[in-house]
Amino acid sequence: EAGEECDCGAPANPCCDAATCKLRPGAQCAEGLCCDQCRFMKEGTVCHRARGDDVDDYCNGISAGCPRNPFH
């Protein structure tokens, strides 16, 4: 939702302050396929394995989401 940096619904999330819906100090992310222990995963880390004719998707090191490989 507008103004939220993370989902307030899970008070057990160590990356998110459930009272403010903001990331805790030092956290880069709270969830996502490329978020590990509140930090963005390293660029080149596989976040979605290829199936069939598909190709692997990789973390970009600057976001928590798993961007689709442009060669799909």
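Here the Cβ of each residue, glycine as well, is placed from N, Cα and C on the backbone.
Sequence annotations record features per position, and here Swiss-Prot assigns domain 'Disintegrin' to 1-72.
There are 16 other Cβ atoms within 10 Å of the Cβ belonging to C21 (disulfide bond). According to Swiss-Prot, the disulfide bond annotation covers C6-C21 (among others).
The disulfide bond annotation in Swiss-Prot covers C8-C16 (among others) and is backed by similarity to another entry. Around C8 (disulfide bond), a 10 Å sphere centred on its CB holds 17 further CB atoms from the protein chains shown.
C15 (disulfide bond) falls outside any helix or strand according to DSSP and counts as coil. Around C15 (disulfide bond), the same-chain residues six or more apart in sequence whose CB sits under 8 Å from its CB are C6, L23, R24, A27, C29, A30, E31, C35, C38, listed in sequence order. The annotation disulfide bond is assigned in Swiss-Prot to C15-C38 (among others).
Following the DSSP three-state reduction, the secondary structure of C35 (disulfide bond) is strand. According to Swiss-Prot, the feature disulfide bond maps to C29-C35 (among others).
Here Swiss-Prot flags C34-C59 (among others) as disulfide bond, drawing on similarity to another entry. Secondary structure at C59 (disulfide bond), as computed by DSSP, is coil.
What Swiss-Prot records for C47-C66 (among others) is disulfide bond. The Cβ of C66 (disulfide bond) lies under 8 Å from the Cβ of G32, L33, C34, C47, H48, D57, C59, each of these being in the same chain and 6 or more residues away along the sequence. DSSP assigns C66 (disulfide bond) to coil, not to a helix or a strand.
Most buried of the disulfide-bonded residues C6, C16, C35, C47, judged by other Cβ atoms within 10 Å, is C16. C34 (disulfide bond) counts 24 other C-beta atoms within 10 Å of its own C-beta, drawing on all protein chains shown. Rounded to a whole value, the Cα-Cα separation of C8 (disulfide bond) and C21 (disulfide bond) is 5 Å.
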